[in-house]
C-alpha cells in the first residue's frame, strides 16, 4: 500500500499516479468473499446486477483488480447530455424549494456558460444518480445494505494537485480568508466548508477571551465575577454572531434553505402508502405514535449513560482521591496510575457499546430522511460527550470541595481493602485534607493535555497504524511466500494510478461530525469552566490553529475524499452551542459564589454555603425566560398550521405543473441514447472484423492514457465478463493458498 504522505512530501513529478484521475467520477470498492461457494456465487450475481444497474442509468464502467479479495469498479457519466439534464433538474428543484431566487434559463448552453457546473456539484449529482432509488431514476445502490452488502464503499478520488497546494498554502497562513473557504466549498461541498468556516470564525473570536483571560489571570486571579460576566457575554455574542454568519454564508453560497430538500433513507421502512391530505401526493407513512414511543427510549438511554459512564467516572474519581490524598502505604507511586488505567480500559469500551446502542435506537426510530436520522443520532452522542467530558470537573467543583468532609469517610472501604493487602501493622492511610488546587489541575488537564492527546490520537496514531499494518503485511508475505498469492498485472499506463486508488480504497470515510464534536466540547470547557483557569482560551487559540491544518491533512491524507454534500448551517450542533452557552452562565455564577466568597479549608463544612443565596445567584429571570422560550420555540416549530399547509399545497402544485411542462417538452426523461452508453460501446449485434480492429488500433495510437483507460472494456457486457474472470482468479488463488 502506497504511503499517502509521500504524495505531499515529494515533488509531484516523482508521483505520476497523482497527476490525473482518468476522468473517473466515483470508485466502487467491491469486496469478494473468500469462504463458501454460495457466497461467491451470490457476490458474482450481485456484481452483474451492479454493472447493469449503473449502465441502465447512463454510467460508463471499467473494472480492475482491487487487491487480494476485492474489485475496483470505476464509473463516470458517459453522456454530457445526461449530466446537463441532471443539473437542470436539480436547479429547477432548488428554485421550487426557494433555494434559488429565479428559475434556470431553458437555453441550457447559455445558462451553463453563465453558471458553470462546479466539481462539487458534478460529484454530488453523480452520487445521487448512483444511490437514489430506481423509482426516482437512479441506480439504487447503497453500500453495505441488502443485496449491495459486498459494496464496501463508494467514493470520489482525491485531487492530489489541489490537496498539495491546499496544505502548503494553509501551513503559512494565520487566518483563512473567504477565498480559502470558497475553494473548499467547490471541492468538498458546503457541509465541509461550513465546518471550516465555523472553525475560522471561532478561532477569530477566541482572540478576545485569550487576551482578556491572560490579563484576568495576571490581575484578577481565579473565580473572578468580572471575568465570569465578560465570558458569559462573549459566549452569547459569539453564538448570536455565528447564527447570523451561517445565514450570510448560506446566501452567498446559494444554499439558503437547502435543508428543506431532504434525501430519503433507503433503510426507511414504511407501513403503508397514502395520499397526503394537503398536497395530494402519494407518500409513504410510518406511524408517528410508534416513532414517538421509540423516541421516548432516549430517556432510559440517557439514564443508562449516567449510570454506566457516571458510575465508572465516580468510581475512578473515588479511587484516585483515596490513593493520592489518603493512602500512604507501599507502591503508592505505581497505584496512582490505577484510575487512569481503568479509565483507559473501560471508558472506550463502555462508550463504544453505548454508541452502538445509540445507533440501534436511532435506526429503530425509522426516520424517512438522512438529516432527521443524523440529527437524532447527534443528540444521543451529545449526551455521551457531555458525561465523559464534563462530569469529572462537576464532581470536583460541586461534590469534592464543598461536601468532601461528609463523603470522604465513606471511602473507608478502600482503607480496609488496602490494609488487608499489606503486612504492615501501622496504618497505611492519613487524615484527609481538601486539595485546593485539584479543581485547577483538572481544568488544565482537559484544556491543555487532553487537547494534545486528542491531536495525537486523531492524526498521528492512525498514520502510525497504517504504517505498522503495511509493515506487518509485508512481513507476512515474506514468511508465507508469494507463490500462491494473486498476482496483479496492471497496464503500464495505469499502474501508478491504480496503486494510488487501491490505497485510497483502504482509507476510512471522513466524518465531519467528529470534528464538530471536538469543537463543541471545547466551547463547553470555555463557557462552563474557564472562570477556574482564565488561560483556557489561550490554549484553545493555539490548538485551533493547529486543528484547522490537521483536519485538512486528515481529509487529504487520512481519509477518502468526502461526498460533497450541501448544507445551510452546522445542523444540530447549533442547538448544542446554545445550550452550553446558557448552561455556562449558570455554572460560572455557581463557581464564583462557591469559591470567591467562601474559603473552603479543612475545617470548613457544607453548611457554610447558603442554599437560597446560591439559587438566587444563578437563577435570574432572564435565564428562566430563555429556558421557556427555548421550549416554546421547539414546540411551535413542530406544529403545522393552516398557513404552512396552504404554502405546501401551492408549492407542490407549482412544482408538479412546471416539471410536467419542462421535462415533457424537452424530453430529458427520454431513454438513454447511444451517447449515454459510454465510449467504445459495442452492441451485441455489431460484427467485429479485422479491418475494424486495425482502424481502431490506428485511432487509439493517438489517444492519451486517460482516454485509453475508458476504451479497454467496451460496454457493460465486457465489463461483466472481465469482472467475472477476475473473480475466478481471486477464487483460484485463495483456494490454492488454503
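Numbering starts at 1 and runs along the chain as displayed.
Cβ atoms here come from the backbone N, Cα and C positions, even for glycine.
Looking at 272-293, 360-381, 382-403, 404-425, the stretch flagged in TrEMBL as transmembrane segment turns out to be 382-403.
Among the ranges 483-502, 503-522, 523-542, the stretch that TrEMBL annotates as transmembrane segment is 523-542. Spatially, the transmembrane segment (299-323) is adjacent to the transmembrane segment (335-354); three or more Cβ-Cβ distances between them are under 8 Å for residues at least 6 apart in sequence. The helix, strand and coil residue counts that DSSP assigns across the domain 'Anoctamin alpha-beta plait' (23-151) are 63 helix, 24 strand, 42 coil. Ranked by Cβ pairs under 8 Å to the transmembrane segment (335-354), the stretches 192-219, 382-403, 523-542 are led by 382-403. Long-range contacts of the transmembrane segment (192-219) within the same chain: residues 175-176, 180-182, 184-185, 226-227, 230-231, 234, 238, 241-242, 245-246, 249, 253, 510, 512, 515-516, 519, 523, 526, 530, 533-538, 540-541, 544-545, 547-548, 551, 555, 562, 564, 567, 569-570, each at least 6 residues beyond the stretch ends and with a Cβ under 8 Å from a Cβ of the stretch. Away from its own ends, the transmembrane segment (523-542) comes close to residues 202-203, 206-207, 209-210, 212-214, 216-217, 220, 222-224, 227-228, 231-232, 235, 386, 389-390, 393, 397, 439-440, 443-444, 446-448, 451, 577, 580-581, 583-585, 587-588, 591-592 of its chain (Cβ-Cβ under 8 Å, at least six residues beyond either end). Confidence across the domain 'Anoctamin alpha-beta plait' (23-151), taken as the mean pLDDT and rounded to a whole number, stands at 87.
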